[in-house]
């Protein structure tokens, strides 16, 4: 399962003869169906985002084409990032790029949660945990000028604490 879409790797049926099961703006899509399925969860997302997509009741399957899969995923990721930025107290969020925490494993997210003592409820799914951690991550204050100044200083001096720990900066020549 990838972002709510079934990848179909566990499905042995072929999709070469099937077309997308969606009706896009009152017209049935004629693209070849891929391995992504139009699940109840995806239907809910489509309804919330007010996309003009619906499943064709005459379709014998729930597989959708890659075009619609990408369209649904792009709306989902845009919304997630927009919500996260709205919750932030920063005035200029366009200048900041944030890591994609949604790609991290659950154990890594839990380790972050433990380290920063982020309060969450028990049994959260990975996406919910990533949302909570992203909101916390954006609240961590950083002093960009100080960090850049320190970085330039370290480069000019030719020293880096991380390189020395790993044995990289210890040249004996």
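Note: Cβ is positioned from N, Cα and C throughout, glycine not excepted.
Lifted from Swiss-Prot, the feature list:
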type	residues	note
ZN_FING	20-68	zinc finger
REGION	73-94	region 'Disordered'
MOD_RES	84	phosphoserine
MOD_RES	88	phosphoserine
MOD_RES	91	phosphothreonine
MOD_RES	93	phosphothreonine
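Per DSSP, the secondary structure of the zinc finger (20-68) breaks down as 12 helix, 13 strand, 24 coil. Mean pLDDT for the zinc finger (20-68) in the predicted structure: 86.
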